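S.K.: Below is a structure I'd like to ask you about.
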Amino acid sequence: MRRVRLWIVFLLAIAVLFISISYSLSQPKHQRLLLSLYGLKQPDPISIESPAAMGNLVLITVDRLTLNDILNDDKLRQEVAKLGAMGIMNTGVEGSVNPASTFASIGAGAPLNASGSDKHGVNAESQLNGFSAAQIFHQRTGLATGADSVLQLDIARIKELNKDNRYSAVPGNLGTLLEQNNIDVRVIGNSDIIDQPNRPAVALGMNTQGIIPEGDVGDELTIKDVNFPGGLRTDYNDLANSLDNYLGKPGLTIVELGDLYRLERLGAYTTTDVLQSNRIESKARITNMIIGTVNKLDLSKDLLILVSPTPKGNYLPDSNYLTPVVAIGKGVTAGILTSPTTKRPGIIKNTDIAPAILNYFGIAIPTSMSGRSIQIIPTENTPTLLSSLYAKLELTNQARPPVLRYYVLIQLLLVLLSLAAIFLPQSYFLMTILKPLLLAVMSVPLALLLVALVPQTSILITVLEIISATVVIVSLLHLWLDKYANGLDPFIIISLLTSLCIFIDLLLGAPMQKNSLLGYDPIVGARFYGLGNEYMGVLIGSTIIGTTALINRIKKYKTMLLFPIGLYYMFTFYVIAAPQLGTNVGGSITAAFSFLVTILLLADTKFNYKTLLKITAAVGILLIALIAYDIRRPLENQSHIGRTATLIINGGAKEIIYVITRKLSMNIKLIKYSIWGRIFLASLASLAILFYRPTGVMQSLKFQYPVMYKGFIGVVTASFVALIFNDSGIVAAATTMIFGAPPLLYLVIRTLKTNC
């Protein structure tokens with residue numbers, strides 16, 4: 001009868017999963033989502049080459065422009081599809097996200113904090129409180145400037161804000177490098193509202209002294225319009241004429257088109273209908289300005305880049321989590337943008353714009369810029385691809401927090417209920433219920449990985465797919481147990497299947513992790529490729545528990561299994577550490593240390609302080625070898641570890657302090673406020689309790705499962721090493737413990753239930 005019930009549950013779960021997938025596939029947007037967006041079967045990216053003769057690079061900034069603004073504009077969409085490449089951009093900054101910081105971060109080529117500085121960009125000849133801006137600038141900096149200069153009066157405060165910048169960002173980095181290589185830089189346009197200057201583009205183009213040699217960000221480039229909210233908008237005729245004056249001279253020209261920003265700022269005081277009608281009119285003017293500029297350029301040597309620096313917005317018709325970027329001109333073919341920073345088709349970072357500008361002018365990219373030059377992947381139907389990609393990323397961003405929060409809460413509840421079942425008398429029924437639920441908790445990371453292969457159209461569909469996949473896995477395990485009654489089989493099957501799936505996924509370029517809720521989120525932008533901290537913990541924990549449970553299952557072959565298992569540990573370390581697969585530095589240290597500890601325990605090595613010193617030395621040698629290999633590769637191919645090592649070599653002790661400080665501050669913050677911290681502490685507490693109570697249970701488990709007991713030591717070791725050596729170590733530590741606390745609780749419950 002029990003077997004029949006299991007089959008019914010299994011078939012129902014399969015039916016729900018099939019219905020969810022069928023519904024998602026019926027949606028036209030998801031029918032068009034190509035494999036290339038999942039990291040498979042991509043053409044090789046093409047770099048934008050420097051022109052033989054120096055040309056013009058026109059950087060047009062349109063803050064609060066969304067992807068759909070371009071996709072729904074027939075004229076602009078067709079122009080891009082015919083001549084250019086397009087992508088979406090992560091807009092991370094240091095501190096809170098605001099236009100001043102997003103523009104300045106583009107100019108620094110690294111995340112920067114420039115909050116409030118957008119009000120202080122001025123023409124040198126502007127009059128302020130009876131003084132010229134040049135005089136005020138001299139009062140603040142001691143520097144003299146030319147009459148045609150554009151100045152950032154707030155440069156001293158910007159530098160002060162970033163003196164302890166976590167990314168070693170240099171305000172004005174782009175402008176200085178161009179100036180040193182005799183490339184002209186100029187900026188025109190603004191986002192002023194009446195009596196409220198707003199010129200964030202100045203911080204994008206300035207040098208490290210806060211100066212742009214020429215340009216015009218004054219109110220002469222705006223026009224009063226009684227029908228426009230606020231009464232002031234961009235004068236596109238005057239702006240186009242100003243631009244024409246510079247197009248005859250090679251160099252970088254930054255053009256700020258501020259009308260969409262103005263509408264966003266005044267959205268709270270404007271009715272929806274008026275706001276949207278003015279948005280439509282403004283977009284039409286912007287489109288004409290962009291197309292008119294393209295027509296004036298010599299596309300055999302000139303380049304136009306269109307960016308929207310700031311994400312989101314309270315009064316936009318779209319979510320705008322990632323903003324659009326367009327490139328048209330020299331070296332650009334029809335396709336989607338990418339970069340070595342993200343290694344994701346269609347996605348770049350705002351820190352990639354400055355390196356792209358430097359690359360166009362043939363200037364080497366400094367290590368102080370964290371971005372890399374943008375590249376193009378030739379494709380057809382770019383608008384459709386980007387629309388589908390954005391929809392997928394938006395859903396992941398919205399579904400990830402609630403799904404993971406409830407998963408961790410359920411895990412926390414099960415740990416507490418398991419302890420209650422262990423210590424409370426007459427809890428046989430509770431024990432019976434908890435066993436499959438503990439297996440389900442261990443199965444969820446695998447389910448989250450596998451459902452990434454199928455489309456989702458809503459949070460509800462996503463949740464149904466995850467639950468169904470988990471039920472299918474647990475049902476199959478119980479059907480297996482009914483036929484082959486061995487208590488270790490669930491751990492062997494779940495753990496090794498999870499480990500192998502992640503292993504294979506990494507070898508393929510992590511297509512499943514890139515689309516899994518337990519993977520990484522490009523909208524957050526902490527990581528874009530390789531092994532994320534969540535699945536790093538899962539991979540190491542599942543590998544250790546799966547292999548030790550397997551040896552415990554067939555003890556007589558222990559000696560024979562040690563070599564292939566050691567080999568699997570080495571290959572697993574490789575996929576975590578390999579630069580070409582996207583090195584996870586903290587994961588590499590964690591894997592090396594915990595795998596060495598586990599394999600030495602399996603080999604019955606006696607542990608003392610000398611053993612620990614030897615393990616530490618071996619891990620250090622592996623890490624140095626990894627750094628030495630990666631740092632010798634071309635800059636655009638280097639992984640995070642190579643770039644960090646280069647920064648440390650160039651920056652010395654200061655950079656080491658920044659790295660350590662960043663890791664500590666992130667971990668302290670996550671331990672305080674993240675739910676992952678709570679489940680990690682609860683898991684550790686449950687292990688500590690079980691070592692002492694019930695009396696004799698842990699000794700019984702150690703006697704019955706001696707090899708798996710060593711696996712638990714390996715998992716706990718991995719969780720502590722992950723906590724110490726990762727930016728978000730508490731997350732990696734908590735996901736490692738998914739294969740520590742639940743299986744141990746399961747075995748204790750099983751032992752007590754058997755004795756009942």
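Quick reminder: no glycine exception, Cβ is built from N, Cα and C everywhere.
Per TrEMBL, transmembrane segment is recorded for 404-424, 436-453, 459-479, 491-510, 535-554, 561-579, 585-603, 612-629, 675-695, 707-725, 731-749.
I'm curious about the neighbourhood of these features; can you describe it?
M.R.: Through the fold, the transmembrane segment (491-510) approaches residues 39-40, 439, 442-443, 445-446, 449-450, 473, 477, 480, 519, 529-531, 535, 538-539, 541-543, 545-547, 549-550, 553, 571-572, 575-576, 581-582, 708, 739, 743, 746 of its own chain, all at least 6 residues removed from its boundaries and within a Cβ separation under 8 Å.
Sequence-distant contacts of the transmembrane segment (612-629) (same chain, at least 6 residues past either end, Cβ-Cβ under 8 Å): 573, 577, 579, 583, 585, 588-589, 592-593, 596-597, 600, 641-642, 645.
Same-chain residues lying 6+ beyond the ends of the transmembrane segment (675-695) with a Cβ under 8 Å from its Cβ atoms: 405, 408-409, 411-412, 415-416, 418-419, 422-423, 712, 716, 719, 723, 730-731, 733-735, 737, 740-741, 744-745, 748, 752.
Sequence-distant contacts of the transmembrane segment (707-725) (same chain, at least 6 residues past either end, Cβ-Cβ under 8 Å): 488, 491, 533, 536-537, 540-541, 544-545, 547-549, 551-552, 555, 558, 585-587, 589-591, 593-595, 597-598, 601-602, 663, 667, 680, 684, 687, 701, 732-734, 736-737, 739-740, 743-744, 747.
Listed by sequence, the residues of this chain that lie at least six past the ends of the transmembrane segment (731-749) yet keep a Cβ under 8 A from its Cβ atoms are 408, 411, 414-415, 418-419, 421-422, 431, 434-435, 438-439, 441-442, 445, 487, 490-491, 495, 518, 533-538, 540-542, 544-545, 549, 586-587, 590, 670, 674, 676-677, 679-680, 682-684, 686-687, 690, 697, 701, 705, 708, 712, 715-716, 718-720, 722-723.
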S.K.: Take the transmembrane segment (535-554) and find every residue of the same chain, 6 or more past its ends, with a Cβ under 8 Å from one of its Cβ atoms.
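M.R.: Residues 445, 449, 486, 488-489, 491-492, 494-496, 498-499, 502-503, 513, 516, 518-519, 561-562, 565, 568-569, 572, 576, 584, 586-587, 590-591, 594-595, 598, 602, 705-708, 710-712, 714-715, 718-719, 722, 726, 731-740, 743.
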